[in-house]
Amino acid sequence: MRYRSFIRFYEAFIAYAGCNLVLATAAAAICAYIAPAAAGSGIPEVKAYLNGVDAHSILAPSTLFVKIFGSIFGVSAGFVLGKEGPMVHTGACIASILGQGGSRKYHLTWTWLRYFKNDRDRRDLITCGAAAGVAAAFRAPVGGVLFALEEAASWWRSALLWRTFFTTAIVAVVLKAFIGFCRSGNCGLFGKGGLIMFDLSSTPTTYSSLDLIAVVVLGVMGGIFGSLFNFLLDKILRTYSIINERGAPFKIMLTMAISLLTSCCSYGLPWLARCTPCPTGIKEECPTIGRSGNFKNFQCPPGHYNDLASLLLNTNDDAIRNLFSGGTEGEFHIATLFVFFVVVYCLALVTYGVAVPSGLFIPVILSGATYGRLVRRFLGSVTDLDAGLFALLGAASFLGGSMRMTVSVCVILLELTNDLYMLPLVMLVLLISKTVADSFNKGVYDQIVKMKGLPYMEAHAEPYMRNLVAGDVVSGPLVMFSGIEKVGNIMHALKLTGHNGFPVVDEPPLTEAPELCGLVLRTHLLVLLKGKHFSKDRVRAREQIMKRFGAFDFAKAGSGKGLKLEDLEIGEEEMEMYVDLHPITNTSPYTVVETISLAKAAVLFRELGLRHLCVVPKAPWRPPIVGILTRHDFMPEHILSLYPHLSSHK
């Protein structure tokens with residue numbers, strides 16, 4: 001009998017781990033081979049894009065496809081990850097595709113959307129898309145707006161505020177409509193839930209001054225655990241990058257190994273927990289029958305439940321709902337909470353970074369809610385707050401300690417739980433955890449942005465930049481064009497350099513003295529050369545009129561490959577001809593004098609959302625331009641490589 005029972009449980013594990021392994025392998029395969037940029041949460045990439053780092057693969061249609069289906073496979077595979085981060089990336093990808101008028105590659109284009117094909121409108125649309133992703137993931141429309149303001153966007157204005165608010169309002173209306181439709185029984189297992197995921201409003205929230213001691217303890221713990229989480233995650237991601245660089249097969253094998261580890265923990269550890277008699281006088285059915293619930297039977301006899309299985313063998317959302325549930329002080333043993341915290345904390349660290357779309361919100365909320373309940377058990381004689389409220393405060397402390405968001409996290413948690421009376425305590429625990437964690441390292445998304453080498457510009461300049469001027473960091477050599485330039489010279493400059501912006505200088509006989517005409521972009525030069533509006537005579541070239549170009553020919557390219565230098569077919573005879581650059585030149589570029597403080601130039605560059613900043617000389621007899629400042633010139637790595645002695649002042 002025992003042997004037969006052992007065989008049954010062994011077969012159950014094979015079926016459970018096998019299904020998880022197949023789903024995890026599918027998610028890793030499409031991510032590794034179709035869109036590697038879809039791995040991870042995507043929030044650091046969206047944050048970098050909204051800061052001015054333009055990379056087409058981040059928001060490509062293929063990335064959107066893998067993000068959607070990879071998230072479905074990853075969550076279904078039982079990984080300790082969230083779908084909230086990928087939903088932010090998904091919303092940004094959809095907004096980017098709409099902003100570029102659709103996708104020509106997949107024959108999905110809309111002519112009326114081409115009016116958004118510029119940097120400013122595309123950036124605003126992607127900000128609205130990121131806010132919509134948060135609103136859809138957490139069912140928190142106001143939290144989505146604040147997330148875009150606090151964490152995602154680098155530039156904000158009043159017009160963008162009402163646009164994101166309108167977007168998240170539409171999300172809330174659509175979600176409410178679908179929830180009402182599903183409650184009629186048309187969606188199977190998805191018929192439960194509402195805009196409030198974990199309703200704690202029925203739990204009494206009267207608190208005293210002694211309760212503030214527990215809140216301070218939770219805040220300090222959240223700051224310590226959060227900073228430790230960020231430190232360990234940075235080390236693990238750097239190790240994973242060495243494995244992932246070896247190719248797609250190694251990415252898939254790493255994902256499979258983590259899947260097996262997760263299955264072993266979630267299936268094997270509940271065997272170590274003891275069975276607990278079902279409590280009396282509860283509304284829920286105990287043990288739970290079905291996919292979710294607070295009281296999983298697992299291997300226990302009738303009338304008993306396994307508390308660790310109620311957390312590990314549930315969906316992540318249901319596990320959070322169990323931890324947040326009020327009036328359940330004795331439902332989970334201390335040993336169970338400790339084991340679950342260690343498992344979730346460690347699995348979250350090793351899961352993020354594999355070739356699967358994965359978020360950090362859910363693992364962080366799970367870990368924080370668990371040690372929140374642990375603190376409630378240890379401080380039972382000091383505080384009268386409910387264990388579910390302590391779980392909420394623990395989740396807030398860990399979110400503040402790891403992600404360093406305050407206002408948006410506070411509103412998201414309040415919208416999730418419908419508990420407005422907890423606002424002062426949530427605010428306090430977030431501020432304490434963020435303050436403690438800031439003394440150790442940066443937020444998790446800031447660390448990932450730095451680790452990936454994305455040239456992200458901070459809101460404030462580094463202190464050592466005050467000792468430098470703009471002319472000290474201008475990198476050369478400077479490549480300039482005349483207002484009427486020979487085609488061969490342009491082709492030669494485009495081949496030898498990777499610059500995206502070139503100054504245009506008018507010289508005699510067009511002007512009395514050399515003067516800066518403006519700035520021309522590489523993409524515009526390629527379009528102009530593709531049109532072949534050339535002239536053999538330099539004087540007649542100025543008379544050429546751009547009749548063959550449409551209004552949107554020079555619009556911002558989409559996320560596809562776009563026009564490349566290899567696509568041009570310029571003959572030897574055409575190389576000796578001339579082309580007028582004045583019609584495509586930005587004649588009013590932003591300029592600074594070479595003696596301006598580098599700190600001021602950095603703030604100006606970021607606040608205006610620039611890609612190029614022209615540096616002009618202070619003396620009138622010198623050439624009209626000294627150089628061009630780009631994002632690379634403001635990076636600490638570049639500045640400290642030029643002036644190593646400044647590293648001591650960093």
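Cβ atoms are placed via backbone N, Cα and C, with glycine included.
Automated prediction, rather than curation, is the source of TrEMBL annotations.
Among the ranges 58-81, 130-153, the stretch that TrEMBL annotates as transmembrane segment is 58-81. Between the transmembrane segment (334-366) and the transmembrane segment (213-233), three or more CB pairs separated by 6 or more residues in sequence fall under 8 Å, so the two stretches touch. Counting residues 6+ beyond its ends, the transmembrane segment (254-273) has Cβ neighbours under 8 Å at 13, 16-17, 20-21, 24-25, 27-28, 77-80, 240, 243-244, 296, 298-299, 306-309, 312-313, 333, 335-336, 339, 343, 347, 350-351, 354-356 in the same chain. In terms of C-beta pairs under 8 Å, the stretch of 12-38, 387-414, 420-437 lying closest in packing to the transmembrane segment (58-81) is 12-38. Same-chain residues lying 6 or more positions outside the transmembrane segment (387-414) and placing a CB less than 8 Å from one of its CB atoms are 134, 138, 140, 142-143, 146-147, 149-151, 200, 203, 205, 214-215, 218-219, 221-227, 229-230, 320, 323-329, 360-361, 364-373, 375-377, 420, 422-423, 425-427, 429-434, 436-438, 442-446.
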